[in-house]
């Protein structure tokens, strides 16, 4: 834990970024903080309240978007995941090989990804099934812990470890084992379909960058239309818009892929942007993100099925296009104070913890629902989650990364003792 702790607390100056995209640390950390706040609010919504009428009224207010729109932050992680997959894949020599050789490398890629996700996920499962029942008491124990964690985990442990529970459990009307881990299932499923796009795209990329961008634009168009078609065709599927599936996240992921390939292609090409143009684009990008937040809340208040289906499908690409500009500007020196903040040492440390930082604590007793109590509770959730995530990352996540590197790259490391360019993992951290 000591050596892993040193790595966790180590920050890198922006001038020595190498292959790292520093702004991703801040994007992930802020998004996770927002998501934890959203989970805290959901816990208060699910538990009995002393002032039910106020809580119901609060959910219909437009100013509540500061919590109600937290779900859009999940798309930030899918965007980053797609970006890093493309940015790193098209750097490696495998992307320049034949389609057959690229396909031959897919099984090892899948094993690598599974081993990257599963150790910390497995410990979360074991704690939920065997440990939490001894740590939790109170009037809502059977509702929050037993029914929400222990029972579905014991019954559907296999869907949990196969990363299919977001479809299988959901289809049969069953609770998910540790509901917040639906993201890992969706992320792994997106990873599985990635080679189906990357291999043909790599063949096009060798011939023409413009055709590559056109092909990816077509892929994104399909990704935009698919969830709309599914929502409108099968209206009894996910009527509450929980959206645990991966197909609704395709557009966010592949906008990240498109941005990653674009920035890999222009890695060493200096682009000059006029100051006024830069400020204008920043204004449009941030204004676009604010519009997404407010508009989603407005649609949620009206709660009309078709409007909500269209809104959720179109606001995702709007959000991710703004993220694409933030990424491009920060990497190319046009991020200013935004890049300084997102790349700060504190954000670097927080960004490394986001994979383990996915706990939201339950409520043991009834509580007055107010904005202040919500803020107070979320601060406690965040601080305790940071403590747990630090322990989780140092104990289960970081050791597995090191062990995996020794297993798969040990012989290469012995034959090539000289230093080599740093490798960036799926979380954007340098290995």
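Cβ coordinates are placed from backbone N, Cα and C, and glycine is handled just like the others.
What TrEMBL records for 21-46 (among others) is transmembrane segment.
For 24-356, the entry in TrEMBL reads domain 'Acyltransferase 3'.
The transmembrane segment annotation in TrEMBL covers 66-90 (among others).
The transmembrane segment annotation in TrEMBL covers 111-132 (among others).
Residues or ranges marked as transmembrane segment in TrEMBL: 188-205 (among others).
Residues annotated as transmembrane segment in TrEMBL: 212-234 (among others).
Look at TrEMBL and you will find 246-264 (among others) tagged as transmembrane segment.
Packing against the transmembrane segment (276-296) from elsewhere in the chain are residues 62, 65, 68-69, 72, 311-312, 315, 318-319, 321-322, 325-326, 329, 334, 338: each is 6 or more residues past its ends and has a CB under 8 Å from a CB in it. Per TrEMBL, transmembrane segment is recorded for 276-296 (among others).
Long-range contacts of the transmembrane segment (316-342) within the same chain: residues 14, 21-27, 30, 72, 75-76, 79, 83, 220, 224, 248-249, 251-252, 255-256, 258-259, 263, 271, 273, 278, 281-282, 285-286, 288-289, 291-292, each at least 6 residues beyond the stretch ends and with a Cβ under 8 Å from a Cβ of the stretch. Annotated transmembrane segment per TrEMBL: 316-342 (among others), in sequence order.
Under the heading transmembrane segment, TrEMBL lists 374-394 (among others).
Taken from TrEMBL, the feature region 'Disordered' applies to 412-431.
Residues 74-75, 78-87, 90-91, 166, 185-187, 189-190, 194, 197, 201, 205, 212-213, 216-217, 219-220, 223-224, 226-227, 230, 312-313, 316-317, 319-321, 323-324, 327-328, 331 of the same chain lie 6+ residues outside the transmembrane segment (246-264) yet bring a C-beta within less than 8 angstroms of a C-beta in it. Within the model, the domain 'Acyltransferase 3' (24-356) carries an average pLDDT of 87. Listed by sequence, the residues of this chain that lie at least six past the ends of the transmembrane segment (66-90) yet keep a Cβ under 8 A from its Cβ atoms are 19, 21, 24, 27-28, 30-32, 34-35, 37-38, 41, 59, 183, 186-187, 190-191, 194, 198, 202, 205, 243, 249, 252-261, 263-265, 292-293, 296-297, 300, 315-316, 319-320, 323-324, 327, 354, 374, 423-424, 426, 428.
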